[in-house]
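First the structure, then my questions, so here it is.
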Amino acid sequence: MQLNSTEIAELIKKRIAQFNVVTEARNEGTIVSVSDGIIRIHGLADVMQGEMIELPGNSYGLALNLERDSVGAIVMGPYTDLAEGQKVTGTGRILEVPVGRGLLGRVVNTLGQPIDGKGPIENDGFAPVEVIAPGVIERQSVSQPVQTGYKAVDAMIPIGRGQRELIIGDRQTGKTALAIDAIINQKDSGIKCVYVAIGQKASTIANVVRKLEEHGALANTIVVVASASESASLQYLAPYSGCTMGEYFRDRGEDALIIYDDLSKHAVAYRQISLLLRRPPGREAYPGDVFYLHSRLLERASRVNTDYVEAFTKGAVKGQTGSLTALPIIETQAGDVSAFVPTNVISITDGQIFLTTQLFNAGIRPAVDPGISVSRVGGAAQTKIIKKLSGGIRTALAQYRELAAFAQFSSDLDDATRKQLNHGQKVTELMKQKQYAPMSVAQQALVLFAAERGYLEDVELNKIGDFEAALLSYANNEHADLMAEINAKADYNDDIVARLSALIDSFKATHTW
C-alpha cells in the first residue's frame, strides 16, 4: 500500500494532536560547594526558610541561609557522596517527623526513624518540626504537680505540669540521673515522657535505655537520639523533633514530660552550623540568634486550656487541659552560671535546680543547692501535704548553712545555736536519696513529718538513713491504708496529723534501727 504525501501529513498532524505531554515545573538548582555537612546551591530561586531540599542519593537538606544568588543548606545525614555540579530540587515542604502512640517504648533518630531493631513504627501521621508556641490566651496557669520522686526537689523546688525547670550543674554532678529518675517516677502517673539525647556517647545512651527498661519506664517513653557521632545538623534538629512528638500528647488533652540532655551541646552544634554558613559570630563565637534558638523551643512547653484542646481535636476531647513539661539540662564549666548559654536558658525557664560539685563530692546526693535553686511557678502546683510540711525544710537548711559558716570560727556555741546546727545536719542527711529509688507522695510526707515534728532529735546523725528506711518499711507494711489515702488525696488535716504521729510513735516504741 502506497501513501501519498497528503495522507502522511494528515497522519502526522493527527498524531501530534493526540500527543499528550504532562508539563512539570520543578524548582531546580545546582550544588556549587560541599564542605562539613554544608552545601551551597545556585539557581534555587523559589525556596523558603527551613524547606526540605531533595538531594541525589535519596537524602535531604534543609535550607537555612537564603542569599541573593545562593542558598546555604545543611545536609541531614551523610554528605560524602555529594559533589559540585549535582542537581538538587526544592520540595516545597517543611521538615516533618512521625508522631503518635506507636513511638512510645521506641528509640528513634532525629527524623523519627527507628534505630532499636524492633521493626517499623506505626505512627498516627506526621507533624512539622518547627511549630509556633501556643499564645497567651490558649494557655492555662500551672496548677498540677509533676512528682520527680526526689524529696529535695518535690519539697523545696516543686515542678508543675507545663513548667520549664532547668537542671544546671558541672559535669558528673547527677543531672542526667535526676532527669532519668523523674521519668521512672512517671510510669504509673499517666504522664508520657520524651528523652532527647543530644551529642552524648552511644554507650551512655544505651545505658539510659537499659535502665529505663529495667525499671518498667521505657514503655511510657520515647527516646530521641542524636549521638556525638552524628552530624551537627541532626544534633541541632533533635530537640525540635522530640518536642513535636511530645506536643502530640499535649494537644490531645494529655500530659507529657520532655528532657533535653543537654542544651549546651545543642548550642555548640548550632554554633558549628552557623560558623560554617559564615554567619557573623557574637559572644563566645555563638551566633546572634542563639537566645531565639532555645526560647522558641522552650516556649512550646506549656499547659494549654480546654478550648485549645477542644479546637485542636475538633470537639473529640472536651473538658481536658493538656501540658508539656520541659526539663532542659545545661552543663556549666567550673560552676560558671554567668556564661552566655546558661544565663540565656535561666532567663527563659521558670526556675532552676542547681547541682554543685562540692555537695556531690561531700556525698550529698542529689547535690541540690537549695540556696540558689528556685521554682518560680511550681509552688502553686505543689500537693497540699508536701507544701505544709516542706515550709520549714528550706528555712532549716538555709539557717544551717549560715550558722555552719560562722561555727567554723567559734568553738563556744550556745545551746540554741548548737541545736539548730544539729537539726540542719539531720535535715541535710535526710534529703539524701539513692538513684533509681523515687519516693511516693506518702513516703515523702512521712519523712518530712518526722523532720518537722522533731522526731529526729534523738536519732544519731549516722543512723538517719537506717531510721528512714526502717520507718518507710514499717509504714508500707503496717499502715498501707494510710499511705494509700495520702497518695490518693494528699490532704493535710488534724486526722492525718494524728495518724502520722501515732504511726511514728508506735514505730519508735517497737523498733530499733
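Heads up, the Cβ atoms here are built off N, Cα and C, so glycines get one too.
Annotations for this protein, taken from Swiss-Prot, read as follows:
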- GLY169, ASP170, ARG171, GLN172, THR173, GLY174, LYS175, THR176: ATP binding site (BINDING)
- SER373: site 'Required for activity' (SITE)
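For each listed feature, how buried is it and what is near it?
If you take the C-beta of LYS175 (ATP binding site) and look for same-chain residues 6 or more apart in sequence within under 8 angstroms, you find ILE167, ILE168, GLY169, ASP261, ASP262, ILE329, GLU331, LEU355.
Cβ neighbours of SER373 (site 'Required for activity') (same chain, under 8 Å, six or more residues apart in sequence): MET156, ILE157, GLY351, GLN352, ILE353, PHE354.
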Given the ATP site residues GLY169, ASP170, ARG171, GLN172, THR173, GLY174, LYS175, THR176, which other residues of that chain have a Cβ within 8 Å of the mean position of their Cβ atoms, reported in sequence order?
GLU331, LEU355, THR357, PHE360, ALA367
Looking at the binding-site residues GLN172, THR173, THR176, which sits with the largest number of other Cβ atoms within 10 Å of its Cβ?
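Top count of Cβ atoms within 10 Å goes to THR173.
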For LYS175 (ATP binding site), just give me the three-state DSSP call.
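In three-state terms, LYS175 (ATP binding site) counts as helix.
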If you run the three-state DSSP split on SER373 (site 'Required for activity'), which class comes out?
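Its secondary structure by DSSP: coil.
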Enter the number of other CB atoms within 10 angstroms of the CB of ASP170 (ATP binding site).
18
Looking at Cβ-Cβ distances, which residues of the chain lie under 8 angstroms from GLY174 (ATP binding site) while being 6 or more apart from it?
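Within the chain, GLY174 (ATP binding site) has Cβ neighbours under 8 Å at LEU355, PHE360, ARG365, PRO366, ALA367, GLN435.
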Tell me whether GLY169 (ATP binding site) sits in a helix, a strand or coil according to DSSP.
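Where GLY169 (ATP binding site) sits, the three-state DSSP reduction gives strand.
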